[in-house]
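According to TrEMBL, the protein carries these features:
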SIGNAL    1-21  signal peptide
CARBOHYD  Asn117  N-linked glycosylation site
CARBOHYD  Asn156  N-linked glycosylation site
DISULFID  Cys198-Cys206  disulfide bond
CARBOHYD  Asn201  N-linked glycosylation site
DISULFID  Cys401-Cys419  disulfide bond
BINDING   His432, His436, Glu461  Zn(2+) 2 binding site
BINDING   His432, His436, Glu461  Zn(2+) 1 binding site
ACT_SITE  Glu433  active site, proton acceptor 2
ACT_SITE  Glu433  active site, proton acceptor 1
ACT_SITE  His565  active site, proton donor 1
DISULFID  Cys590-Cys602  disulfide bond
Amino acid sequence: MMKSSIVMLFLFIFSFQCSISNQKPDHIFEKQSEQIISMSKRRFEQETDNDQSKVDPNDRISVELWNKLNEEDIKNMPMIDDYSNEHTATQWLTWYVRVLQRYNQIDNHLGWNFLTNINEENQEVLINQTLIRAPFTKLSLTAAKKFNEYMKYSQNEDLKRIFGRLALGTINNNEEDLKRTSQLQAELENIYATTKVCESNNPEKCYTLSPYLERSMQIEKDYDRLIWAWKGWHDSCGNKVRPVYIPYINLLNKNTKENGYKDLSEPWIAEYEMGDIEEFEETIDQLLNDTMPLYEQLHAYVRGRLCSIYPNRFNCHGPIPAHILGNMWAQQWNDRFDDLIPYPDAPLVNITGALIERGYTVHRMFTTAESFFTSIGLYPMTPKFWARSLFEKPTDRDVVCHASAHHMQYQDDFRVKMCTEVNDDHFDTVHHELGHIEYFMAYERNQPYLYQEGANAGFHEAIGDTIGIFATSPTHLITLGFLDENIVNSHYEINYLLRLALQKVAFLPFAYVMDKYRFLLFRDKIDHENELNSIWWALRIKHGGIMPPVPRNDKENFDAGAKYHTPSNVPYLRYFIAHILEFQLLRSLCQLQGVTEQFHMCDIYGNKHVGEKFKDMLDMGNSKSWQEILQSLNGETKLDSRAIVDFFQPLYEWLKNENHARGYSVGWDF
């Protein structure tokens, strides 16, 4: 997910987050895991020494100089005598871009410093920079909105598009509100990054979310131990986030309304360029409805199998308790695949085992992902990427481990921030993050500054996810030597499709609810005192059949706040859109290769003809509407849920038959 450097406040500019946090390392109490991580880190440092030597450590921005240059430029903003004059508008844009680019470079630099070293000093620097930038934001957006009143009728499509997007921005005229908002944002990031959960019988033994609690949720099978981890995190994090988050979004909402919007949901929705609020929500609702028959069959199968594992623990015809699905937020269920496998006689290749057996390090995982992109004619990573990314969790400071890709907007400086470990989930995540980097490089090298963004936020998430599906397909794993082609039969394919559905299909209702809930919150339709938590769970039960494993309390709990994107205020429907779009992109790329069926067995690795068409789409950045950009690849202009439904059709038919044969009921009461 990428946030617009044009129309969003500084608070959002440096938060480039990816859709998944599904690390799958070994058991949290195994010393062997720590030894593997330590060895991997030493090897990674050795492998990247040469890359780092290519980068001049002084080749970076000067915050002080950039601010001084901007201070002078702001004093010399071009005179505007006529906001309807296109020549005047173009001159103003030249000035605006010069100042904007410097401020964005500063924000990205300071944001990176904070996310990779959370402390009071870095937090204070961020807050101060927000105040330094504020006068420019006010000055430029005021002018942009005035220009847009005329440019929206212009025959010049570039001026019409650029000013239309600039006008979506908001201006904060209250310096105290701005400072307080920045402080609350930093505090929320800090809570999420530093919260720990302690053992009930040993308060000195405490664990962070990543990797320990997430790891426990993924591999622990004991029902009560899973409750300890789930409740511990949701209580410790969500309850702390609650008293900070509510005043934070109140300030954001107040500012948004002062800028003429109904509430904070409106500018979020406008970013997608999918019609007005009603049209957008109707589209999203329909996409979810289209996929629900598949989801309900998947849910019924998973619930039935888990009921056998945990007899008499929950209603086998109702919602599934959130803590037994292998993920802290029950957003993806693939880490319970071994307990759900349809055909044990055709076990899937153990990618984690294959990586370790072949001596993969963190560095090699990234170079392997890079080789997929370069094999289809996309870009290699830059020396600065290897020298300045954060690839592993440091031991000497607090960082935000949630994987993210960063466009520093300064001389080929692209980075990832990820507490990587050698396992199958991170192998997929690495491809996802490099997808963001490829998109950054494509539009930076082919578009003017104001078009250096994704076609929409969903596009940015979908690019890496699409390649990730190819990279872990049976066909590509055969290419990597991880899988013997002779064992791939119909049983293997159903196993593969189920595991992928547990990751992709199971995710859709969760992604849908994340923003549906916040939209209600932004629209003041949730009583903060009496409904804050119960509405969250009402939506999760209604749309996904997922319930809390223990009783929750509206007076103190805030379980939505235990998910990173809530305290970080990152819109989430981009991930929902991405999970629809990635299957459209995959279908299109396979069709370019001549594949018209069994898309789950398609692999575009090494196909530069397909890669050229893909790259042409990435090169367009945000220069056209996302509909036009999608059309350039496949002739389609709408999100199409049929792509994901068709991809999983063999699994859907199997699930219907299997659920009937086993007597598993479909659906749940709410």
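Placement of Cβ uses the backbone N, Cα and C atoms for every residue, glycine included.
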Sparsest Cβ surroundings (other CB atoms within 10 Å) among the glycosylation sites Asn117, Asn156, Asn201: Asn201
Residue among recorded positions Asn117, Asn156, Glu433 with Cα closest to the Cα of Cys198 (disulfide bond): Asn117
Protein Cβ atoms within 10 Å of Cys206 (disulfide bond), excluding its own: 14
Cys401 (disulfide bond) and Glu461 (Zn(2+) 2 binding site), distance between Cα atoms, whole Å: 18
Minimum Cα separation from the residue listed as 'active site, proton donor 1', reported as the residue among recorded positions Asn201, Cys206, His432, Cys590, Cys602 that achieves it: His432
All-chain count of other Cβ atoms within 10 Å of His436 (Zn(2+) 2 binding site): 26
Least surrounded among the recorded positions, given as His432, His565, when other CB atoms within 10 Å are counted: His565
Candidate recorded positions His432, Glu433, His436, pick with smallest Cα gap to Asn117 (N-linked glycosylation site): Glu433
Cα distance (Å, whole number) from Cys419 (disulfide bond) to Asn201 (N-linked glycosylation site): 29
Lowest local Cβ density among Cys198, Cys419, Cys590, Cys602, which the record lists as disulfide-bonded residues, within 10 Å: Cys198
Cα-to-Cα gap, His436 (Zn(2+) 2 binding site) vs Cys419 (disulfide bond), nearest whole Å: 17
